[in-house]
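Visitor: Below is a structure I'd like to ask you about.
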Amino acid sequence: MAASELYTKYARVWIPDPEEVWKSAELLKDYKPGDKVLQLRLEEGKDLEYCLDPKTKELPPLRNPDILVGENDLTALSYLHEPAVLHNLKVRFIDSKLIYTYCGIVLVAINPYEQLPIYGEDIINAYSGQNMGDMDPHIFAVAEEAYKQMARDERNQSIIVSGESGAGKTVSAKYAMRYFATVSGSASEANVEEKVLASNPIMESIGNAKTTRNDNSSRFGKYIEIGFDKRYRIIGANMRTYLLEKSRVVFQAEEERNYHIFYQLCASAALPEFKTLRLGNANYFHYTKQGGSPVIDGVDDAKEMVNTRQACTLLGISDSYQMGIFRILAGILHLGNVEFVSRDSDSCTVPPKHEPLIIFCDLMGVEYEEMAHWLCHRKLATATETYIKPISKLHAINARDALAKHIYANLFNWIVDHVNKALHATVKQHSFIGVLDIYGFETFEINSFEQFCINYANEKLQQQFNMHVFKLEQEEYMKEQIPWTLIDFYDNQPCINLIEAKMGVLDLLDEECKMPKGSDDSWAQKLYNTHLNKCTLFEKPRLSNKAFIIKHFADKVEYQCEGFLEKNKDTVYEEQIKVLKSSKFKLLPELFQDEEKVLSPTSATPSGRVPLSRTAVKPAKARPGQASKEHKKTVGHQFRNSLHLLMETLNATTPHYVRCIKPNDFKFPFTFDEKRAVQQLRACGVLETIRISAAGFPSRWTYQEFFSRYRVLMKQRDVLGDRKQTCKNVLEKLIQDKDKYQFGKTKIFFRAGQVAYLEKIRADKLRAACIRIQKTIRGWLMRKKYMRMRKAAITIQRHVRGYQARCYAKFLRRTRAAITIQKFQRMYVVRKRYQRMRATTIALQALLRGYMVRNKYQMMLREHKTVIIQKHVRGWLARLHYRRILKAIVYLQCCYRRMMAKRELKKLKIEARSVERYKKLHIGLENKIMQLQRKIDEQNKEYKSLLEKMSNLEITYSTETEKLRNDVERLRMSEEEAKNATNRVISLQEEIAKLRKELHQTQSEKKTIEEWADKYKHDTEQLVSELKEQNTLLKTEKEELNRRIHDQAREITESMERKLVEETKQLELDLNDERLRYQNLLNEFSRLEERYDDLKDEMNLMVSIPKPGHKRTDSTHSSNESEYTFSSEITEAEDLPVRMEEPSEKKAPLDMSLFLKLQKRVTELEQEKQSLQDELDRKEEQALRAKAKEEERPPMRGAELEYESLKRQELESENKKLKNELNELQKALTETRAPEVTAPGAPAYRVLLDQLTSVSEELEVRKEEVLILRSQLVSQKEAIQPKEDKNTMTDATLLLEDVQKMKDKGEIAQAYIGLKETNRLLESQLQSQKKSHENELESLRGEIQSLKEENNRQQQLLAQNLQLPPEARIEASLQHEITRLTNENLDLMEQLEKQDKTVRKLKKQLKVFAKKIGELEVGQMENISPGQIIDEPIRPVNIPRKEKDFQGMLEYKREDEQKLVKNLILELKPRGVAVNLIPGLPAYILFMCVRHADYLNDDQKVRSLLTSTINGIKKVLKKRGDDFETVSFWLSNTCRFLHCLKQYSGEEGFMKHNTPRQNEHCLTNFDLAEYRQVLSDLAIQIYQQLVRVLENILQPMIVSGMLEHETIQGVSGVKPTGLRKRTSSIADEGTYTLDSIIRQLNSFHSVMCQHGMDPELIKQVVKQMFYIIGAVTLNNLLLRKDMCSWSKGMQIRYNVSQLEEWLRDKNLMNSGAKETLEPLIQAAQLLQVKKKTDEDAEAICSMCNALTTAQIVKVLNLYTPVNEFEERVLVSFIRTIQVRLRDRKDSPQLLMDAKHIFPVTFPFNPSSLALETIQIPASLGLGFISRV
């Protein structure tokens, strides 16, 4: 394919850019061969001319189509080059927030600098068991691949994590280890991971430091081996470290720091325990102040010190050892401050009493003089003698620094050893997975020996990586049988040879170190002479003679030679080491003991210094050969050896690669710096992987994927039945160059760029088709629009014209109507005016006439009133004159009487002065008072009589006055008439004048009165109106208040109802949670039980000679079976080895509290068993003793037997009476038909109990009396009757003639026996009374003790309350009262339950007795006396056989129980039973056997049968627990057995569903409620096992059927990813479709129906199945970017609709299964809805209420267009969704819990099947059972 075909107009390319590394541009015109310039337009709209290189003529790299951007695997890109890789990583990291990306076999991890919710246990479960290419890239996918290959191939694995410091290497390694700890099933061993993680703070503090690029840079490498046992469970770990940068201890570059631990010590110097270290600020010490940056922003060194110490404690480093470590570190700091004073050019000395050295010697426990001496001197050894030589100041400083580095390195190794001891495994290791966390490629401004070693290690790792990638490519080509040629890839073997080969850099360095006068400069010259111009990878800087350049695979690096020799030797003076070894500080010599173990001591070197491993000095002649050999082990040599060992380890394992990328240097979250990213991509080998892939056939498609994608490019005649041949034919037409592709066995291989070319052809064809479709659709739409407009216009015209005509007709009608209206209106106006005038005239006439008459009447009235007024005025004047005279007379009388009284008063005063007078006066006064009293009474009587007379006089006066008035009036009238003639004129004139005056006054008064009346009326009306208004307001307020009260009442009612509903829901949720927790505990217990059985089996296999006499039964004891009498036959002696073995063998997670409770319960049960055994022994002994006594006294046997028979008869008669009374009481109670009457605790209920108790007591007394009398009578009767046999049981054997004598003796014996029986009865009564008294006394003592405790508690509470404030006191008292009432309530409930149980038992016993009495009565009625039998002749009678009436019971022998369990449970085939027999037949058979054991009243048989049944079911489920039919069959039968125990329990709640015949079959002797609980627990365990079986069967189908399979053909074209599966992954077991899932669901449903499972239980199983389908599908959708597309959403919705249709067909829509699919449905809708505007965001937020915020955002981030016509979701839209959903309170968890099991319930489902009709088929082999 020519370049001109791709570099056409609008094609997009990448051009270099100094800022963004690569920029995207678009071609403005086609490229033609020979063009030197490309016309480009940048994305920001700027035009640009891009000049091509005139030499290479290389075109800029093409950009991939947008459809390929954001791929999971970089090798799936069509164009594989650096800009494509960089852009793909940036889009995934910035836009999709995806930090992981595959690059072939490499996982590229970009540090987000933010905590992401993608590492939870749900994510681990989602990746567990998945193939590496099936899910989105993740560190868990790499870990799963390593774990899977280790388990499958039995080959050790390695995960190589590399990258710059700060890129996230340690975090990636930590998550990988967490994954191993989780999936290996060793949650109890997770402390290995915790310990490894706990080592991180220690290793970081002593091995990490601040560099110019990273604040927490690891200055060493580590390789952690995680060990696994044969079951691939974690058992331990081991850590190896590489190349600690020791030079950092004594030197730091600018802006760098020493190791963190030194600064942590300085920051914690103020702590009391650190006072002895005499530390100070970090700027005080020479070793911590050189970088000039002692503080890291945002890091608290003191806090980090606390974390370091806590980690040391976790790893078992004691406080004393910790303080020892800190002493050594503080000593190193003080050693760095030791100074030297030059004496001359070749010698120096330490200043006298030098404080830093004194502190160092004190801390190290060495002698000051000795250390000061050997710091300034060294010992030289020659062939003949040894002598001491002083050294110069420079050499002394170097020796001091070397000693400090040596101490620190040994301390580092000592700590690593202790960490490994803490992580060491006690069990033999079977395999391991290694995690290599090693430094990446480094290049700084000044690169020294450390950078050289680091880059050397990366060269070796890169070589191993390249070889592995090349090997995988070769395997893929060979597997597909494709001819392959040698791919040219970068081989860094020449660079490795330059470093490590003979005469290489390291070899020359070691050789120079051997030279006595060797120096860095001479070594540099040797390098130049050896390699310059001879090796292309070695160069010399232009401006330096002390440096060299090596071309590494990643970049050129210039190394400074200065310090290489010193760092490579890394030696210290032997005498200084000796001084330290003689230290009194015990930890210091330990640091150097390890060297003695590893390396033997050597002699001194000619230079007087020993290598790093040297620990002692020997005589000069000792072992010179070994000295020279040992001397070769320089740092470079040791590092090379350890690196070779590491490479051998990695080559012996299968490697997995994780490349960590640091996106920016500022730790900004989700910020991508292209320059830094490219630099790291080049250094870590990712681009090299891309180049190797691009050199071959990077794009690989299966034939089916290619056909599905490019079906649009084929014509109908091209499509053949053979997909492979069809693809070949199409490719030959589309791509002419056959070298661009290859056909493999299962895949098509394409060269780089070919997929993009095919996509371009496909897009062009689809675009042309779209244009054609758009043209047709638009024409059709315009025609439809025109026709609609024409039809609308005609319709509008018709309606307008009609409207106009209607308007004209309406106008005419209105005109005519207006004229008629005017006529009638005018007539009406004239008529009304005439009528008003006529009415006005009549009214005026009437008013005028009335006025004249009223005036005449008023004149006559005034004349009459004037006469009356004159009369009254004259009388008033006369009376006034009389009163004045009377008043004056009275006044005169008063004055006179006052004068007389004063005189009398003077006389009285004189008389009062004498006592006798006073007494007399007193006596007189008393008399007077009495007289006055009488007078007052008389006067009162007179007053009353006068009042009566006065009233009579007034009445007579008034009558007389009226008469007189009438007479006067008559006389006056006559007088007026008489004088009228004479005085008329005069009187009239006077009267007129007076009347006028009065008239004026009257008028004025009248006017005033009228005004006042009007005002009063107005005020009254206003007041009335106000009162009416107020009344109205009050009424409205009243109505409002009533309405409010009504509303409030309604609201309160509604709120109470809501609260009740909410509380009910909450209670239901709590009940479900409690039920789920309980069922989880059962599940955990069953798992522990299985684990115990497995361990027991292992122990039995491990023990060569089995212990005789030990028999093990299945452990069926759960925590709530503790009340039952299950017993295990395992003794403690047998338990002991199991417990001892468990710590090493049992690594599963264990709830220790539950385990201890179970152990305690087993011990209690054994004790209970022992006590019961002892009691049984005592009973047997008593029975034997009683039997012996009875044998000793045979004469009394007859009387005792008679007594027993009489007692039995008496009991039968009494029971008969009791039965009649009980029936009457039951009848009376049932007639009331009130449940509260018969309820426990009701008054009638209590009365019944009281009556029953009193009657029973009375009957007991009567029975005893009657028995005594009857026994005496019968004995006397026996004594009188003659005895025919000598062996009769009487007192003696007598002859017939001695009858009288025998009679006397018989009477005596009978009297004796009666007396003895009486004594026995009295004794028994006395014993019972004594026992009851003791019980009563004990209960009273208990009550007294409880009252004392209650009193003490009340006193304590009162004392506490008195100390509290009043509010708290009230609250505390209320709380106490609530607690007390709650406790009392619980106690009462317990008592009530006990009473209920007692009453039920009594009822059952009464029923039993009633039945027995009835049978006995029938027997007695049928009995015939012996005399009749003798008299009647015996005749042969033919007796016909009646058909036996079965009672619904099955009888079996005790020894046949194991055979019953074996045939009915262990060896039963569910398929035959389900097809041929009635459902639940085994359950019915077992229950009928239980019924017979109950009928026999054999509790041991009932207990044994139920225990064997439960153990048998558990055993068969353990054996065939993976078979769905078996588990379903026994779940159905267990539930049926449970329902039978309920249905026939005799409890009223269960009996109401039974027929009368079924009620007769109820259990009579035993209450098996506790066993019902055991069976319920067993059913729960079976249900959980059934769910696990379902999950295991459905799990492989769900993802393939629900997501991957294309149910609707042609909707979702395969996206051109070319994603290749890992060759190491497990091959697919087959392709499942939705039909496979539905067929499996049908199979499950039909099996459960055949087994007769309860419909409600089937609904719960279906709900659980649908939840599993929805959860697994949604979880995979959230973890697979390739599945998040519009077409996939349509496929999911179609698949869900098919599942709903299946529910409808099975009538299971009300099972709640559909609701479990709601999150999946909403996720599918989310993939299909519009995702652009704010309205779309609002719709999404309201629609996706079943999805969490994290799930919604994840789906939007993963949404990937399959076609280029679709658009990606904008980041701004996702931010809008997050803002709208931030107030939603939901779980931050991303994935659904696919392992969640809904709590199961077993609703009671009675059976209508009659037990007596059940037949036992012969096929079951139960011939030893007989029907009863």
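Glycine is no exception: its Cβ is also placed from the backbone N, Cα and C atoms.
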Visitor: If you look at how TrEMBL annotates this chain, which of 931-964, 1033-1066, 1169-1202, 1373-1406 comes out as region 'Disordered'?
Guide: 1169-1202
Visitor: Looking at 599-634, 995-1030, 1319-1354, which one is region 'Disordered' according to TrEMBL?
Guide: 599-634
Visitor: When you measure from the Cβ of GLY166 (ATP binding site), which residues in the chain that are at least 6 apart have a Cβ under 8 Å away?
Guide: ASN111, ARG213, ASN214, ASP215, ASN216, SER217, LYS662, LYS667
Visitor: Across all the protein chains here, work out how many other Cβ atoms are within 10 Å of the Cβ of GLY163 (ATP binding site).
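Guide: Counting Cβ neighbours of GLY163 (ATP binding site) within 10 Å gives 26.
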Visitor: Between 0 and 100, where does the mean pLDDT of the coiled coil (915-1098) sit?
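Guide: A mean pLDDT of 80 is what the predicted model shows over the coiled coil (915-1098).
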Visitor: Write out, in the order they occur in the sequence, the residues of the chain not among GLY163, GLU164, SER165, GLY166, ALA167, GLY168, LYS169, THR170 that have a C-beta within 8 Å of the mean position of the C-beta atoms of the recorded ATP site.
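Guide: Close Cβ neighbours, site residues excluded: ASN111, ASN214, SER218, GLY440, CYS660, LYS662.
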Visitor: What are the sequence-distant neighbours of SER165 (ATP binding site), meaning same chain, six or more residues apart, C-beta distance under 8 angstroms?
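Guide: In sequence order, the residues whose Cβ lies under 8 Å from that of SER165 (ATP binding site) (at least 6 apart) are ASN208, THR211, ARG213, ASN214, ASN216, SER217, SER218, TYR439, GLY440.
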Visitor: How many helix, strand and coil residues does the region 'Actin-binding' (643-665) contain under DSSP?
Guide: 9 helix, 8 strand, 6 coil
Visitor: So for LYS169 (ATP binding site), how many other CB atoms are inside 10 Å of its CB?
Guide: 27
Visitor: GLU164 (ATP binding site) has how many other Cβ neighbours within 10 Å of its own Cβ?
Guide: 26
Visitor: Summarise the domain 'Myosin N-terminal SH3-like' (8-60) as counts of helix, strand and coil residues per DSSP.
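Guide: The domain 'Myosin N-terminal SH3-like' (8-60) comes out at 0 helix, 24 strand, 29 coil.
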